[in-house]
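Residues or ranges marked as S-adenosyl-L-methionine binding site by Swiss-Prot: Thr164, Gly185, Asp207, Asn249.
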Amino acid sequence: MNGVWIEVRVITSCEAIEPISGIFYGLNSQGVAVEDPNDLLTRDQGPLTWDFADINVLEHKGEFAVVKAYFSGDDDLEKIVSITKEKVKEIQEMGIDIGKGIVECDKIKEEDWANNWKKYYKPSNITDRIVVKPMWEEYSPKNEELVIELDPGMAFGTGTHETTRMCVKALEKYVEHDSTVFDVGCGSGILAIAAAKLGAKLALGVDLDPVAVESAKENVGLNDLDNIEILEGNLLDVIDGKADIVVANIIAEIICILTDDVSKALNKGGLFITSGIIHERVDMVTSKLDECGFEVMEVNKDGEWNCIVAKLK
């Protein structure tokens, strides 16, 4: 590799950060960094302080975000860029605003990568009670804060996206000490980890992607939890028994496909917490939930995204 990395960048909208990050994880990138002007502001409020005043994207607050991925210098740059462009177009066809949708690339020296990408990740309050921190950062919990430790270099981001925040807030509200929680499409495992830290009797994370499963298992290890398990496969194929809560932070189309299986995996009166739903897809999801025997209890909004909490009748 000769100390060289490939950096691929997508200039996009804040709405598309999560799905575009997913593209890069699917391409087995070695790490992903996000420059979001809405997050990377120097701010003094609250116990956590960010100091990103040197980042030029601050001049464009709210206009666009930049998602960067890093690959080995030995990887096929032309192929990576071609697939990225194709996948970005697919995201746009799903109705997600991709903003400029510009794909760029560069080759950078290894020392630049090593020194640059970690500076974007600092401890962050995703709710009033829960803090997510990268594994290399020190953080002392305040009062009754719960700290989730992640390795964001492995896959699936830092857990600060709006959809993740809303799911965690819902888990805070509904998880009880005798709860069994299934996290479907678990990615980094952050939602299963949050459920376990909130006191669930058992949290199970499930994902079809072996990279996600490896990432989630590593993150579970970082948090030293014994009331959580990560499994590879489809929900009903790999999980025995039923849950009190199923949480899925995916996209609306996949949620609709999953809903019937989720109804079979829940105890009567159990809750389905789901996010990754843009405004234009809310009616589609609520209609499918009704069709599968759910009563919609909450539709929460954060930015361009929605989180639905539904109860199995």
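Heads up, the Cβ atoms here are built off N, Cα and C, so glycines get one too.
Residues Thr164, Gly185, Asp207, Asn249, recorded as contacting S-adenosyl-L-methionine, have a largest CA-CA distance of 16 Å. Other Cβ atoms within 10 Å of the Cβ of Asn249 (S-adenosyl-L-methionine binding site), summed over all protein chains shown, number 26. Counted within 10 Å of its Cβ, the other Cβ atoms near Asp207 (S-adenosyl-L-methionine binding site) come to 24, all protein chains included.
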